[in-house]
Amino acid sequence: LGVSEYLPDLMKKNVFETHFCLHEKREQKELKQSWARWSACFRGQPITNVRNYLGEKVALYFLWLGWYTFLLIPASVIGLVVFLLNIVICADTVCFGSHVQVSLLFDNEGTVAFAMFMAVWATVFLEFWKCHRSSYVSAWKVFDWCEEEEELILEIVNNAHCEPKMHRHSYLRSTIVLLLVIIGLTHVLVVSRVIATVLLAENSTWQVITENSQTVAVMLGAVLHYITITVMTRVKAHKPPTHSHAAVERSFTVKMFIFQFFTMFSSLIYTAFFLGRINGHPGGYVRISGKWRLEECHPSGCLTDLFIQMSIIMVLKQTFNNIFEYSDLHRNYSLIKTDRFSLFNEFLEMVIQFSFTTIFVAAFPLAPLLALLNNIIEIRLDAIKMVSLERRLVPMKANDIGVWTDVLEAIGVLAVIANGLVIGISSDFIPRLVYQYFYGPCASGSATGIDCMVGYINNTLSQMVTYSGINVTHCSYRDYRSNEDFSLTNQYWVILAARLVFIILFEHVVVIFKCVASWFVPTSPLDVTNERLYDKLRRLKEELRSVTRAYTL
């Protein structure tokens, strides 16, 4: 055959490739002008154009991120209002002049209501996301697409006698590694905080630091925790091969999320539920400024410690992560390589942020506002990165965000449990109610014109007497114990019972609201449901005609 006989095919191929490249360039240029630029921060996202250029998987990531950011607006407004109202109330009661009264900034009825709202908000967000997503995947004709089926079809095409790949997973190894990380990290942070408290209290040249050594130590511990998080997140995990099947990717995603989650929350969990509670009665002490004291929470309560840690970690993490990411991108003179795991880090960062926004929000009502401000920047930063600074991702089909949906639902359940426990166990909300109605000056129900919380602080303190030669020292510590034998008082058991009742009621009420919300929000809009029903009917009719035609022939 002569060369001339191949010319038509070669010309067709070149024309097609040229047309395809020009189309890609045009789409990239449109995205740069309308989306991947800082001046477009407050514009909507052209999700369909993103899908045409980067594929359904990337488009669904930006669709989810945009929807999450949009629904953060009401949560941010309500959280900010609650926080400002707490400041106004505290200004009237001179909160800022007393360590103990500072807890009213985060430990009050408004915070309880906001924690319940955020637990329900997490469910509403997920249910409306499913409904929002279905409109797009239906329009893209991938609603019923299945990744596992497509992988099996490809394997059959390559090898007609192929066998399915068995799923394997070592739960024992993963659990052991996770426990070692949690225990080791928590011990390092706790010991460093205790040592910092002692050194600051005894050796500081500034009086203000000496008097507030515990608060400064908490802040330094939070900074150390952030540094630890940064180091751990940069540890390069062994990723599965890029050709691995979907089940392997899901397993990798879940394991990495659990590892990063406990890396970030181990210290917060310790502060919320264990700090000051595992030392027992006087006997396990830390020597500070010549006195023997328990290793305990801030004088205003454990919620203050939790607020300080969460605010510092969240602000530092979001600020420096964006700065480092932007600077790393601009130091590369060639386009950054990408693979099918390139979206993993983006999803992981946002899902961890979602955890900060919902879990322990009772101690930090400003978390949704910080997340909203970060996401406005994050959307454009990721858009600029994927359109201009990275090699183009290979477009991949998808009809959902995959296993991340299950992770988000698990976080929603954890948010209910964690916030119920924080309010019921860590805060003074329940002890104050018990004192007000059973032990305070208003307990009889006949007192009028007096503050029902008078004497509450002294009521929460137990006494310990120490002897040094002929000197007798009376020390006070927060607990409900007898001054003679350090046994627990009846008031302790009343408060414990009230805490348990509150936790049960809180979680049941919130779960009921979550179930009602998920039941009322449809998985798909009615027009999408009807359109899919019409498409199924048309496809079945065509299949029936094909079978009938084959049978008659």
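Using the three backbone atoms N, Cα and C, a Cβ is placed for every residue, glycine included.
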If I go by TrEMBL, the feature transmembrane segment sits on one of 109-130, 175-196. Which?
175-196
For the transmembrane segment (350-373) against the transmembrane segment (61-89), do we get 3 or more Cβ-Cβ pairs below 8 Å once near-sequence pairs (under 6 apart) are dropped?
yes
Excluding the flanking five residues on each side, which residues at least 6 beyond the ends of the transmembrane segment (175-196) place their CB within less than 8 Å of a CB in that stretch?
213, 216-218, 220-221, 224-225, 228, 258-259, 262-263, 266-267, 270, 286, 295
Outside the transmembrane segment (492-513), six or more residues from its ends: residues with CB under 8 Å to it
112, 116, 119-120, 123, 416-417, 419-421, 423-425, 430-431, 433-434, 438, 479-481
